[in-house]
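Beneath this line is the structure, given in structure tokens, with notes to follow.
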Protein chains: 4
Amino acid sequence: MNYNNIFSEIYKKIENTDSGKVASYIPELSNVNSTKFGVHLTTVTTKNFSFGDANEKFSIQSIAKVLALALAYNLENEKLWKRVGVEPSGTAFNSLFQLETDLGIPRNPLINAGALVLSDILISHLKKPKKEFIAFVRNISGISTIDYCPRIVASEKSTGYRNTALVNLMKSYGNIENEIEEVMDFYFNLCSIEMTCQELSKTFLFLADYGTSPFSKVKILSKSKSKRINAIMQLCGFYDEAGEFSFKVGLPGKSGVGGGIVAIYPNKYSIAVWSPKLNKRGNSYKGIKFLELFTTETQTSIF
Amino acid sequence: MNYNNIFSEIYKKIENTDSGKVASYIPELSNVNSTKFGVHLTTVTTKNFSFGDANEKFSIQSIAKVLALALAYNLENEKLWKRVGVEPSGTAFNSLFQLETDLGIPRNPLINAGALVLSDILISHLKKPKKEFIAFVRNISGISTIDYCPRIVASEKSTGYRNTALVNLMKSYGNIENEIEEVMDFYFNLCSIEMTCQELSKTFLFLADYGTSPFSKVKILSKSKSKRINAIMQLCGFYDEAGEFSFKVGLPGKSGVGGGIVAIYPNKYSIAVWSPKLNKRGNSYKGIKFLELFTTETQTSIF
Amino acid sequence: MNYNNIFSEIYKKIENTDSGKVASYIPELSNVNSTKFGVHLTTVTTKNFSFGDANEKFSIQSIAKVLALALAYNLENEKLWKRVGVEPSGTAFNSLFQLETDLGIPRNPLINAGALVLSDILISHLKKPKKEFIAFVRNISGISTIDYCPRIVASEKSTGYRNTALVNLMKSYGNIENEIEEVMDFYFNLCSIEMTCQELSKTFLFLADYGTSPFSKVKILSKSKSKRINAIMQLCGFYDEAGEFSFKVGLPGKSGVGGGIVAIYPNKYSIAVWSPKLNKRGNSYKGIKFLELFTTETQTSIF
Amino acid sequence: MNYNNIFSEIYKKIENTDSGKVASYIPELSNVNSTKFGVHLTTVTTKNFSFGDANEKFSIQSIAKVLALALAYNLENEKLWKRVGVEPSGTAFNSLFQLETDLGIPRNPLINAGALVLSDILISHLKKPKKEFIAFVRNISGISTIDYCPRIVASEKSTGYRNTALVNLMKSYGNIENEIEEVMDFYFNLCSIEMTCQELSKTFLFLADYGTSPFSKVKILSKSKSKRINAIMQLCGFYDEAGEFSFKVGLPGKSGVGGGIVAIYPNKYSIAVWSPKLNKRGNSYKGIKFLELFTTETQTSIF
């Protein structure tokens, strides 16, 4: 199937919708051009389809949590689930409350508290955590230029009080092993990674091919672990909009406040969309809309 | 594929695990023989595979909520979502709390509060609600003997204070139109429906075939609605164990406190399992274990 | 001291403030003339001081909970505290949530859930609960014409869904012994009692005189119990405005959504104020303002 | 009245009760001799009554929050209440949850979050915050040797993750002006102050004499502010045991996890008790028991 025509058809339908606004909680994110729009699809047979600003870098933010999960899951295996759950969190607003009632165990690895635990685990395992993690990401994608963005890191650090609250609360329950400063530094770097839609789509393709990258043939994860990460994305990938995304798009995926979304159609493709304006729940407005129309049009859904 | 051998192989592995206990919150449910075990799988090509007590009736309880959802969704279309959400609820224990913070709008149609709203909607639409609803269920399944169980209804009514609290709270927010007694009566009847594993599997087969029953060729739901009900089951079908079920079993499904579970593999089959002893979260202990081993063995998962 | 001049002086200061609005949640309450204002003070030496509409009947609503507490405390003694606590509730909005986390034990006897438990206790003890309770109130006050208001009862019953939710939730935890209908009927009657400011002030005077009515010399409560009821009013008498009232007025007291407030200055006097318009937290706007200025002017405060 | 005999009489009654345990959350506190018991009462006429270990220093911990409140209230006047409330918090367990729903405004100044805001305010006002604050405390009490305990500060800092979580959360809402490290340092010093029962009783006597120290005749606070601080202690001085303390003891007071309690009988006396073993809610077990029997025996209660 040639997706290029479908991309431009769908884009016409949503081009002039203009809801939502660019993330402003850190200064660096608010500087982005809000009219940008890109999409890139990569099939497990390594075909590529692009549209719009698909080759422009953006901050993938929380999408990177899935990559931290992949590495931590490989290192810890099923022990991982003693320190973080696999259940949806209900609402964003509950996060600190839930962490308190659950005695410092985050609901799942894709909320902030969960990714902070992943960061702590990676620091405990790796000798040079930041260096080894970005090497892991480059290895998955086969793209050696993917990197952290120091400006974003600096910007996050200047306003990351809420995340610092989360990590201190977990430390009080004994669920953080390393120094708080080191955990925060890793976490802010993790969230600062920049990719283009094309890079993002290629990087996540191993999750559409049961753990093995179709490009390099390198096995990143076992089949079972790969499926389980998809299951976690399905239930927890969009905060309190996970149900809505499942309902309308029907694929496992993950969003970031930079306006990016990646979604996986197992055994077929991965797709990355980018549009900076966010809806009220912090997910890309046009990104979700585009994916909804795309999966309807192409009749692709895991359900 | 012949599933009969797989069924007996897997059963041997879980036969002697004996965790959990039979639901006791209503007297009638506690009378069931806790050693019963049955499973039935029906393919979209109408092949059938059975094991154990697959032809014995049991109380399907909350599984019936999915059928109420199918009918209500057909009657209300997308207006339905003004009165009930599609998001996972986070935790069982939160239910009344969430209903209060969400001003009487239940998180999703598969928690008790949500099914009470479905009941209210069906009463508003149907002239003889209980009679017409059971006719709908018989029509889906092609089995005319499926019915409510008056003993279960009476037993539920004698102890249903918590559900009465939910419906009164929603009425105080204006999200219940009909008389409380009528809503409770319908709801308790809904939860009292009895089926065998075979009947349950056949009844739910339309959700594996995009809304159309492969037996009767009757179209119950549109393809889009059918997929969306699967998506809701995936995220909300097992209360605060939805993530765990997705993670381990990888199929959309729904459980009931009678010990039944139904799961859907889109485009392939529906499967019903029954084992009365429940785990701490109120889902069939052996039922979940069986499905986990079965989907692993047969490599079936939507992810 | 002659309080009459002080009353008129203070009234001039607040006369033209016009914040708040009359309770509208039940039709009957919204029919009252919102410009009414009355105050009556009775000293333990049985002197009386009146101002404004002090001889006009109004619905005392939740103020009656204190009288139900006095009788229930006498009947149950310290066993009472197994079924209801003595701690402030934090916020109104938490009520159902707290009842759930506290397994059906209300925080204190002056929130709705607590007064429903008091109603249940009185029904268990009394042969003709409504008749005997109003006789108790008449005996305390020496005023034989105090009575329930059937119109208010009927109005409450038509909209009391939230209270019905509370009582059903407590029944599910085993903290309600009697039939729900009977408990609700008693509770709605309790809240429907009508008094004038003069009657209200006289009725509560026993709490300013350590449990004994200065008029009749009848001992209603022991000294210890009388002080403890004052302590409960101090901490729990104004829902989520208890701190503010303590802070500004400095006396134990209780408010009702009919716009009445009664306050106790131990060993000196009781005072009743009535002004129907309520502030955002459901307490009489001018009533609180008047008492704040009055206790400042007369330098009366328990602190 | 000679209280010395009453002290020894009451002590005999509680001497052999041995419930509760010494605070262990910071190493330094757990080293104290758990059998210590002291009490000291000072009247507004400057008479002194002592019993037991009344001249031994202990860590007053949270009791010092009241002194921080006194100074902050003087510096900010009624503006103070824009940054912290005056309502009881409901439960200890709710603290982070409430701070989240209340957008970073602590319920009252005597919970940890509230005292962290007080610390922030004092830092903003004072040039040498720690030095000027301890000078204020010495001035109130007329005792120049009262001081911080560096060992306790160091011990708190090594385990203060939960408090760091609170201050970061408030900073994320804009309710902390200064650097987090400076706020934490001041707060830990505040909680480390050591006094004997005699010193504690004398220090708090100004709150029993409407804001003026009977020893030095120095006016610390206005009469109105002094009463309001008593009101806040009454409602918020014992976390989720405030109601119980009011109910049984009937005086405004404040406890600390070092096992100290101070209580105020307005216009008469202040009393300090110390016994290190704490009940389940974190208040001195024998301290509360002693005060309950003492106020019953001497018939002193504000109610």
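Counting begins at 1 with the first residue displayed.
Cβ atoms are placed via backbone N, Cα and C, with glycine included.
Automated prediction, rather than curation, is the source of TrEMBL annotations.
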Quick check: of A:Tyr187, A:Tyr210, A:Tyr269, A:Tyr285, which does TrEMBL put in the same substrate site as A:Ser62, A:Asn112, A:Glu156, A:Asn163, A:Tyr239, A:Val257?
A:Tyr187
Give the sequence-ordered list of residues that share a chain with A:Tyr187 (substrate binding site), lie 6 or more positions from it, and have CB atoms under 8 Å from its CB.
A:Ala115, A:Leu116, A:Ser119, A:Asn163, A:Val167
A:Asn163 (substrate binding site), number of other Cβ atoms within 10 Å:
22
When DSSP states are folded down to helix, strand and coil, where does A:Val257 (substrate binding site) land?
coil
Greatest CA-CA distance (Å) over the residues A:Ser62, A:Asn112, A:Glu156, A:Asn163, A:Tyr187, A:Tyr239, A:Val257 that the record ties to substrate?
20
